[in-house]
Amino acid sequence: MSVDQELIETQKNWIPLEANPEVLTTFMQSLGVSKDWEFCDIYGIDEGLLEMVPSPCVAVILLFPITNEYEDKRYKLEKEIEEKGQVLSDKVYFMKQYIGNACGTIGVIHSVLNNANVIEFNENGFFKQFLDKTTSLSTEERAISLLKNSEIEKSHEISALQGQSNVPQEDEPVVLHFVSFVHVDGHLYELDGRKPFAINHGESSAETLLKDTANVLQKMIDEDPKEIRFNLMGLVKKPNEESEEEEEKEKEETK
């Protein structure tokens, strides 16, 4: 058995991150993302609530429960894609998850690195170095690279302990899971490290990312209407105070 395979089978577990925008923002910025970017709450998928999300919003992170119904649909969809294929841009940055409870961190990585063309990085920070090191690697090799990275493991632990909720133990069962939605090359992709590949949810654009993600979530809700445990966060550029003042002024003038 190779050292890498032994690492995978050892199944390292981390403390789960809290679905808290402040926690994820601090975590992301500590790893080299410009302070111009932050996570914010998305309070619902109705059009009015989506309009409250600052623009640009370049990624959406969804926290949801893993149920038996979801797992059945997941395996069915994966089999269908394996048989029929799907459009998958080579520009999509996707990695597998080999660390227990690391889905929050992987959701942040997927959100950030699929927007490396618009997000500013610290040249010496984790994200820039990890992207440079892993761009040419396979999804499995990227996961192994993360598994071996002590810097992000330490940052994850610090952030996990900063949340407002009670901190679970590393080996405590967790049924909630983070996935990321991003727009790449004209399509909406769902990025979930538990799945073998990114899922293409159809045509999209930078402008319609929020609406298109909301449509996917609505389908999930329709399939299991009893399940209401969802949490949404957006990766957005911090609103410019001057721009906000101008917008308020325009609103007043149009009244």
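Including glycine, each Cβ sits where the backbone N, Cα and C put it.
According to Swiss-Prot, the domain 'UCH catalytic' annotation covers 13-237.
Shown in sequence order, C103, I106, A143, G193, R194 are the residues of the chain, 6+ apart in sequence, with a C-beta less than 8 angstroms from the C-beta of Q97 (site 'Transition state stabilizer'). According to DSSP, Q97 (site 'Transition state stabilizer') is assigned to coil rather than to any helix or strand. Annotated site 'Transition state stabilizer' per Swiss-Prot: Q97, in sequence order.
When other Cβ atoms within 10 Å of the Cβ of C103 (active site, nucleophile) are tallied across all protein chains shown, the result is 25. C103 (active site, nucleophile) carries a helical DSSP state (H, G or I). Per Swiss-Prot, the feature active site, nucleophile maps to C103.
The site 'Important for enzyme activity' annotation in Swiss-Prot covers D192. In the three-state DSSP classification, D192 (site 'Important for enzyme activity') falls within coil.
Residues or ranges marked as region 'Disordered' by Swiss-Prot: 235-255.
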If you count the other CB atoms within 10 A of the CB of D192 (site 'Important for enzyme activity'), including all protein chains displayed, you should get 23
